[in-house]
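**Q** Pasting the relevant annotations from TrEMBL:
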type	residues	note
TRANSMEM	31-54	transmembrane segment
TRANSMEM	74-98	transmembrane segment
TRANSMEM	110-138	transmembrane segment
TRANSMEM	158-184	transmembrane segment
TRANSMEM	196-214	transmembrane segment
TRANSMEM	220-239	transmembrane segment
Amino acid sequence: MGERETSEDISLEVLEEEQTLVEHLTDLRKVVLHSVICVLMIFGCLLLFMHKIIPFLSREHELVMLGPLEVIRLYAGIGLVLALGLSAPFIAGQLWVFSRPAMTAQERKMALVFLPAVLGSFVTGIAFGFYVIFPTIYRFLMGLGAKNFEMMITAKEYFHFLIMTTVPMGVLFEVPLLLMFLTAIRLVTPVKLKKVRKYALLIFAVLSALITPPDFLSQLIVLIPLILLYEAGIILSSFTMKWLEKKQRQADIV
């Protein structure tokens with residue numbers, strides 16, 4: 001009799017786990033479906049306003065097309081990239097709704113602070129790349145080539161170069177939050193970050209020298225934000241470490 005009850009209990013547990021898995025997969029399917037619909041809707045709206053978006057992004061530079069189909073490919077590519085970027089807050093919200101039931105109260109509070117900070121940092125980096133980094137490098141390279149060649153740039157190459165000089169800046173602006181996260185999982189500490197500061201500054205100096213014109217001012221325009229980002233990462237790491245130590249002391253008292 002006891003063995004039969006045990007077998008029934010195990011069967012019920014397996015059934016409940018299967019039902020829970022199906023529910024999770026259903027919820028995940030809804031998240032993916034809603035996100036795709038959001039991207040497609042924004043993509044469609046962007047295509048309607050592409051005649052205004054292109055002049056804004058091209059900054060009135062004279063660009064050439066190598067064929068009629070290139071226009072369609074270019075519009076589709078730009079629209080998709082912008083649609084993904086603009087739908088990021090909605091997608092993040094969908095992921096938040098999906099993962100919230102599995103989070104503790106403390107994890108929910110951290111996520112509500114962390115997610116907007118991640119999105120804000122990325123947008124700030126994109127803006128810095130678009131208004132500062134891209135025009136600085138573009139003018140230098142075009143001026144360098146104009147000394148020996150008649151410069152004609154295709155729209156495809158222009159927008160590819162624009163993405164390559166803006167999206168990485170968005171990622172770099174995530175460095176402080178990344179250091180904060182690595183501190184939270186105890187992979188780095190503020191002390192370690194301070195010890196390797198001089199090596200980080202050297203890497204930043206070399207990087208700024210490689211991607212900017214050879215004049216000192218242009219290099220400073222890139223170098224100073226990188227240094228500030230690293231220092232901000234150390235500050236956030238220190239706050240995170242103090243918070244972890246406080247939680248540890250409270251746990252020891254209990």
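Quick reminder: no glycine exception, Cβ is built from N, Cα and C everywhere.
Automated prediction, rather than curation, is the source of TrEMBL annotations.
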**Q** To the transmembrane segment (110-138), which of 31-54, 74-98, 158-184, 196-214, 220-239 is linked by the most Cβ pairs under 8 Å?
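**A** The stretch with the most contacts is 158-184.
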**Q** Six or more residues beyond either end and a Cβ under 8 Å away: which residues meet both conditions relative to the transmembrane segment (220-239)?
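**A** Sequence-distant neighbours of the transmembrane segment (220-239): 128, 132-133, 136, 172-173, 175-180, 182-183, 188-190, 193-194, 197, 200-201, 204-205, 207-208, 211-212.
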**Q** Sort out the residues at least 6 away from either end of the transmembrane segment (158-184), same chain, that have Cβ-Cβ distances under 8 Å to it, and list them.
**A** 57-58, 61, 63, 74, 77-78, 81, 114, 117-118, 121-126, 128-130, 133-134, 137-138, 190, 193, 211, 226, 229-230, 232-237, 239-241, 244
